[in-house]
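Step one of this worksheet: look at the structure below.
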């Protein structure tokens, strides 16, 4: 089944341009900040800032290269400009995602200028865009979100502030918001059996739900680190629980077992900050349990810091922080309820689609089951 009626527009092209600019700005500002820390003698801060940049980049390069190879082998995509040697080089140089953006912008620009566009070309463009949206999701939770935790810790725990710090944090937050919106839009556009959600209020509500639940999570984790460095061990345990859940759910996102294990580990990192449906099944109970524990932990962070480490200076801003966490969590969960009760499109059942597809098949002919797309096995909204 193809994405009938879903066409790659000039607006979508501009979104890809902005996505590339936000990506470069995020990486660039963090790199400049690490240089600033190093010049001022804060070697540990510089190393940690740079470490998150490199960790996020390394992981997305690995998946980008694997997807290039999978598409070439499984779907016959053979771009002569991207030979195996060339692919290895651009990913070793950490410019795989940049290459994907350039490839998408060039190809979509050519298609958009053409009066006669085949539906197959449109489907291919959406495939390129969705691959980028998934890579950006990895990059956001491996680099941008941890970077915010680190910078907030430096500001609150060490009272170190600079304009470049605030610029880096603002760009990271903007990058998170953009990746969330772009992912949601690509998700609906790329799966033919899902109804496409219109822009506007649904997109804004979904974005507010994510931002207002992730922001207090970032702040609470920062406060836990201020309480004790050993709290990072507790965070590692939470990450391990999320990773184990991905193993228990038996995700099948990757074609390689090693990559699948890496993917599940990254899912554990994502679940440390926000909830995603990792199998596309009904997870109302899982989501409820997740946010009960998340809200409890978020509220416990400032209270424990106030009681156990008063010399940290938290008593001076304890009430504003507690009020911010309460309000932000309440708004986030309120938007969550609004989104899933009124604005989340209900998808048709697959059995019905299979029957409709079967009407077009010739009697007596056997057909192999259609391959599911990568996006269909990725994190669900």
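Note: Cβ is positioned from N, Cα and C throughout, glycine not excepted.
Curation plays no part in TrEMBL annotations; they are all automatic predictions.
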In TrEMBL, which of 195-213, 290-308 is labelled transmembrane segment?
-> 290-308
Between the transmembrane segment (80-102) and the transmembrane segment (218-241), do 3 or more CB pairs sit under 8 angstroms, pairs being 6 or more residues apart?
-> no
Taking the transmembrane segment (320-343) as reference, which of 80-102, 261-278, 290-308 has the most Cβ pairs under 8 angstroms?
-> 290-308
CB contact flag for the transmembrane segment (12-33) and the transmembrane segment (290-308), at least three pairs under 8 A | no
Near the transmembrane segment (45-68), which same-chain residues lie under 8 Å Cβ to Cβ, leaving out any that are not at least 6 residues past its ends?
-> 27, 30-31, 33-38, 82, 87-88, 91-92, 94, 96-97, 100, 131, 134-135, 138-139, 142-144, 146-147, 150-151, 154, 254-256, 259, 262-263, 266, 374
Same-chain residues at least 6 beyond the ends of the transmembrane segment (290-308) with CB under 8 Å of its CB atoms are 213, 216-217, 219-221, 223-224, 226-227, 271, 275, 314-315, 318, 321-322, 325-326, 329, 333, 336
